[in-house]
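*Asks:* In case it helps, Swiss-Prot gives these features for our protein:
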BINDING   T82, T83, E100, F101, D125, A126, D145, V146, A147, Q148  S-adenosyl-L-methionine binding site
Amino acid sequence: MPEIRQLSEGIFEVTKDKKQLSTLNLDPGKVVYGEKLISVEGDEYRTWDPRRSKLGAMVLKKFDIPLKRNSKVLYLGAASGTTVSHVSDIVSEGAVYSVEFAPRSMRDFIGLASRRKNIFPILADAGKPDSYAHIVEPVDVIFQDVAQPNQAEIAARNAVRFLKKDGYLLLSIKARSIDTAASPKEIFKEEVK
């Protein structure tokens, strides 16, 4: 029988043949991106590939992930929903406001969102938070995963508009989207300022 170890609220390590990062599946029987489903004593866990998810990689690196069962999350750069689906599992009684700019990615994402009561897909430019302010309530966590040269500015705009006092901003800086020639270390240092 697989062993379950809770790493943080809603995030687990399931050991069946090997250790695998997992979340409790909010949509039993359904996969999102080809991940494995593991059933243990009536619960179904979805494996979470940290090579396909920056947030998953953060968990493996032992970052404190500030997501709780009832958290309200603004996810900027939802793409087709790989990581958003795991956030949805974790914040099962909360909400995931998921902003994506690309219509093609959003088309794929809509199918996932239609099966999960806590995902709210928003086709919009994350750099223009006022355009979706009528949809998004104040949030506990903002996770940004956009590939724009002004990533830090976009994060700051959204934080000012939506982040609750004592909320958390998780910013995934994509150095090559900012400058293809500069040293990533220098870019990171500059963006954090």
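Each residue, glycine too, has its Cβ placed from N, Cα and C.
What does the local environment look like for each feature on the list?
*Replies:* In the three-state DSSP scheme, A147 (S-adenosyl-L-methionine binding site) is classed as coil.
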*Asks:* For the binding-site residues E100, D145, work out the Cβ neighbour count at 10 Å and name the residue with the minimum.
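*Replies:* D145, out of the binding-site residues E100, D145, has the fewest neighbouring Cβ atoms within 10 Å.
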*Asks:* So, three-state DSSP: helix, strand or coil for E100 (S-adenosyl-L-methionine binding site)?
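*Replies:* E100 (S-adenosyl-L-methionine binding site) sits in a strand per DSSP.
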*Asks:* If you measure every Cα to Cα pair among T82, T83, E100, F101, D125, A126, D145, V146, A147, Q148, the residues listed for S-adenosyl-L-methionine, what is the largest value in Å?
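*Replies:* Overall maximum Cα spacing for these binding residues reaches 20 Å.
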